[in-house]
Amino acid sequence: MTQNTPFPIFPHRHLLGIKGLTLQDLTTLLDRADANVTLYQKNDKKKSILHGRTQINLFFESSTRTQSSFELAGKRLGADVMNMIISNSSVKKGETLIDTATTLNAMNPDILVIRHNCAGAASLLAQKIDCCVINAGDGAHEHPTQALLDALTIRRTKGRIEGLTVAICGDILHSRVARSNIISLNTLGARVRVVAPSTLLPTGIEDMGVEVFHTMQEGLKGADVVMMLRLQLERMTGAFIPSIREYFYHFGLHKENLIYAKNDCIIMHPGPINRGVEIASDIADGTRSMIHTQVEMGIAVRMAIMEALLDPRHDYNGEKK
């Protein structure tokens with residue numbers, strides 16, 4: 001895609017999940033994001049494409065990393081960015097999500113970014129508000145922007161995604177990141193594995209097109225990418241693991257089991273990392289770790305999504321301007 005060639009139109013008003021996106025949809029967003037990385041690596045970080053537009057970040061779950069990334073992405077595009085502080089809002093006083101949506105709609109925003117602890121919250125909001133909605137994570141359902149930044153990290157680091165073996169390891173059961181990544185990586189042509197104890201795997205996970213392994217030794221064999229997930233203890237209501245120490249020994253990533261992956265494999269983690277729980281410090285800080293690269297790619301991806309949703313060629317009435 002050259003600088004003077006327009007990107008294909010992204011044919012969706014909202015980004016509510018990876019499910020339902022085509023290979024062309026994903027490629028369009030990744031190509032846009034790749035162009036953004038190239039620009040700001042040349043210190044050309046600011047654009048004015050969203051000048052005069054309003055972006056509202058509505059986070060019902062705390063996430064310094066994701067919220068800061070969306071805020072910086074909006075500002076780099078020239079948008080006016082407002083962060084809603086939920087602890088000080090009417091929601092804490094009993095206002096429903098629909099009431100909040102109605103109130104925000106009256107402010108005439110152009111983009112609303114929502115993170116919520118309930119699956120489907122972003123979809124509900126999209127039905128009640130006139131602007132574009134971006135899902136920044138809804139319960140254990142989906143986290144589409146994380147999957148896109150992970151795909152961009154892999155593509156820029158390895159040169160491709162198609163044909164690579166990606167091992168996603170850890171708490172698959174409670175992870176929206178795992179769900180979105182499985183869908184996106186399968187669509188992009190990767191071979192996806194999940195590695196976890198049976199207690200941390202959802203029923204029917206095989207139906208998502210993944211190979212299932214219950215030991216790191218088997219699951220990491222020949223892996224090009226190893227993606228670790230944290231234990232989401234806040235979503236657990238029972239005894240899913242015997243102990244943290246035993247979990248780390250069997251399912252954490254450390255030098256004793258990393259030897260089974262390819263020598264040039266890359267290590268990824270959506271953050272925040274729990275050192276000594278799902279990953280050893282020397283691995284997280286090692287030369288194969290892409291954790292900080294993922295953060296960098298996140299800004300470029302979120303810029304690309306907002307650019308695509310507010311592309312002036314859209315009219316959202318089935319025609320293109």
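Every residue, even glycine, has its Cβ placed from backbone N, Cα and C.
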Would you identify which residue of ARG115, ARG245, ARG288 Swiss-Prot lists as part of the carbamoyl phosphate site it also attributes to ARG65, THR66, HIS143, GLN146, GLY271, PRO272? ARG115
Among ARG65, THR66, ARG115, HIS143, GLN146, GLY271, PRO272, the record's carbamoyl phosphate binders - longest CA distance, Å: 16
How long is the line from the C-alpha of GLN146 (carbamoyl phosphate binding site) to the C-alpha of ARG176 (L-aspartate binding site), rounded to the nearest angstrom? 9
Give the distance between the Cα atoms of ARG176 (L-aspartate binding site) and ARG65 (carbamoyl phosphate binding site), rounded to the nearest whole Å. 16
Inter-residue Cα distance where the pair is ARG230 (L-aspartate binding site) and GLY271 (carbamoyl phosphate binding site), in Å: 8
What is the set of residues, excluding ARG65, THR66, ARG115, HIS143, GLN146, GLY271, PRO272, whose C-beta falls within 8 angstroms of the centroid of the C-beta atoms at the carbamoyl phosphate site? SER63, ALA136, GLY137, VAL177, PRO270
